[in-house]
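K.L.:
Take this structure first; my questions come after.
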Amino acid sequence: MLKIILPTIMLLPTALLSPTKFLWTNITTHSLLIATMSLHWLTPTYFPHKTATQWTAIDQISSPLMVLSCWLLPLMLMASQNHLHQEPPTRKRIFITTLILIQPFILLAFSTTELTMFYISFEATLIPTLILITRWGNQPERLSAGIYLLFYTLISSLPLLVTILYLHTQTGTLHLALLNLMNSPMSTSWTSLLSSLALLMAFMVKAPLYGLHLWLPKAHVEAPIAGSMLLAALLLKLGGYGIMRVTTLMTPLMNYLYYPFLALALWGALMTSSICLRQTDLKALIAYSSVSHMGLVIAAGMIQTQWSFSGAMILMISHGLTSSMLFCLANTNYERTHSRILLLTRNLQPILPLMAIWWLLANLTNMALPPTTNLMAELTIMITLFNWSIFTIILTGAATLLTAAYTLFMLLTTQRGVMPTYITSMQNSNTREHLLMTLHILPMLLLILKPELISGMPL
């Protein structure tokens, strides 16, 4: 654990002391090294916790998410090189520092075994994200987006803190392993109903559940590319991970508490997919699509069977890579045409033919085409939902149909159609962008060969 966290913290002096000429090279190679070192977490064990120290332990649920967060740091750095190259070197250093600061907090949040520690790191990831959005966003609306993000998260997570303290007075411990072994402190009284709601609510806002998702499209649209990748790939997964961790503590209550959440999550997957069909803004479209995918994750986390947990894990990992890749592609369009509106960025296939391949691959994975882990995850989740109640097949089936529809709509509007008259010249796609897309799509294609690495099951 320390051999990843210490090099990650040592990235800070690297960012501040590297000569300007070697700044990007040093940081990117160092973080890629950390990412390759973190792959050893994926080795399956028969024990529930690997590398257990007093506060942190890695089990099958947290290790894929931690590897994903290590993997995305170099990718975020590579993606944001272009829009930073006008800035003075001090600002570049500050930007890189904020990106690096989030990393240890995310790793701690995924690996901690103690609920107060989890709460602290869960909240600490908010501050650098806020700095990224409100300082490096593109439009002046980024301030309102930052306020939305801040207040949605804070209002939902204050009850979480109170409930954690209440749990501590009830049980005398907040250690996850001990809480799972003890009889659940929740009874069927009003107090425990409200405390279960408070425990779930913070993660529902983060994940986001439909109805509490309004901060997400705003934050995504206004964030710079690194902020978008961070939000879509890692911070939403904190919500899903929290739901999977917390629901196991709430055994007696869950029977009638999860009906509204399940209904909202599935209905939200349907609604956000249909919102995507009428969307004009490319980044908002991808943001809404991630709401609909995370709706499936929430539904699976509520059911709490082993199948649904492994389906939720696989979907979280594959959605992290897919949506991050889609945001990178949207950003390459934005850097060339300076517009996010779909009607103004049409017919890019003849101009950038290699980029069209990446667009096609990313959209096919988003649609959950057969040889991808997305398909495996969605099928697993749909089977568990169908097993739980037959009628869910109507909602999930309609949601997949609409997902395919809006993904094809996005592909066709960006790659085909009439050429806008004002596009006279466009710079070529460069090696950095191709490497970025390759590093997104390669794990996706390789993981289907051994999906039990990310299935969250003790093998």
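Backbone N, Cα and C define each Cβ position, glycine as well.
Curation plays no part in TrEMBL annotations; they are all automatic predictions.
Grabbed the feature section from TrEMBL, which reads as follows:
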- 1-108: domain 'NADH:ubiquinone oxidoreductase chain 4 N-terminal' (DOMAIN)
- 113-402: domain 'NADH:quinone oxidoreductase/Mrp antiporter transmembrane' (DOMAIN)
- 61-80: transmembrane segment (TRANSMEM)
- 92-110: transmembrane segment (TRANSMEM)
- 116-133: transmembrane segment (TRANSMEM)
- 145-167: transmembrane segment (TRANSMEM)
- 187-205: transmembrane segment (TRANSMEM)
- 225-244: transmembrane segment (TRANSMEM)
- 256-277: transmembrane segment (TRANSMEM)
- 284-303: transmembrane segment (TRANSMEM)
- 309-330: transmembrane segment (TRANSMEM)
- 351-369: transmembrane segment (TRANSMEM)
- 389-412: transmembrane segment (TRANSMEM)
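Map these features onto the structure and tell me what's around them.
P.N.:
Applying DSSP to the domain 'NADH:ubiquinone oxidoreductase chain 4 N-terminal' (1-108) sorts its residues as follows: 81 helix, 3 strand, 24 coil.
Taking Cβ pairs closer than 8 Å, the transmembrane segment (92-110) reaches residues 4-5, 8-9, 11-12, 15-16, 20, 23, 27, 56, 62, 65-66, 69-70, 73, 76-77, 80, 84, 117-118, 121-122, 124-125, 128-129, 131-132, 136, 226, 230, 234, 238, 241 in its own chain, all 6 or more past its ends.
If one looks beyond the transmembrane segment (116-133) by at least 6 residues along the same chain, the residues whose Cβ comes under 8 Å of a Cβ in the stretch are 55, 95, 98-99, 101-102, 105-106, 108-109, 142, 145-146, 149-150, 153-154, 157, 160-161, 164, 168, 174, 202, 206, 219, 222-224, 226-227, 230-231, 235, 238, 242, 245.
When Cβ-Cβ distances below 8 Å are used as the criterion, the transmembrane segment (256-277) is approached by residues 193, 196-197, 200, 204, 209-211, 213, 250, 285, 288-289, 291-293, 295-296, 298-299, 302-303, 385, 392, 395-396, 398-399, 402-403, 405-406, 409-410 of the same chain, each at least six residues removed from its ends.
Remote same-chain residues near the transmembrane segment (284-303) are listed as 204, 207-210, 213, 216-217, 220-221, 232, 236, 239-240, 243-244, 247, 254, 258, 261-262, 265-266, 268-270, 272-273, 275-276, 309, 311-312, 315-316, 319, 323, 326-327, 330, 340, 342, 366, 378, 380-381, 384-385, 388, 392, 396, 399, 403, 406-407, 410 (criterion: CB distance under 8 Å, separation of at least six residues from the stretch ends).
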K.L.:
Which residues of the chain, 6 or more past the ends of the transmembrane segment (351-369), have a CB below 8 A from one of its CBs?
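P.N.:
Residues packing against the transmembrane segment (351-369) from afar: 289, 318, 321-323, 325-326, 329, 332, 375, 377-378, 400, 403-404, 407-408, 410-411, 414-415, 423, 426, 428-429, 433-434, 437, 440-441, 444.
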K.L.:
Any contact between the transmembrane segment (309-330) and the transmembrane segment (225-244), i.e. 3 or more CB pairs below 8 Å with pairs at least 6 residues apart?
P.N.:
yes
K.L.:
Given the model, what does the mean pLDDT over the domain 'NADH:ubiquinone oxidoreductase chain 4 N-terminal' (1-108) come out as?
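P.N.:
Reported value for the domain 'NADH:ubiquinone oxidoreductase chain 4 N-terminal' (1-108) is a mean pLDDT of 91.
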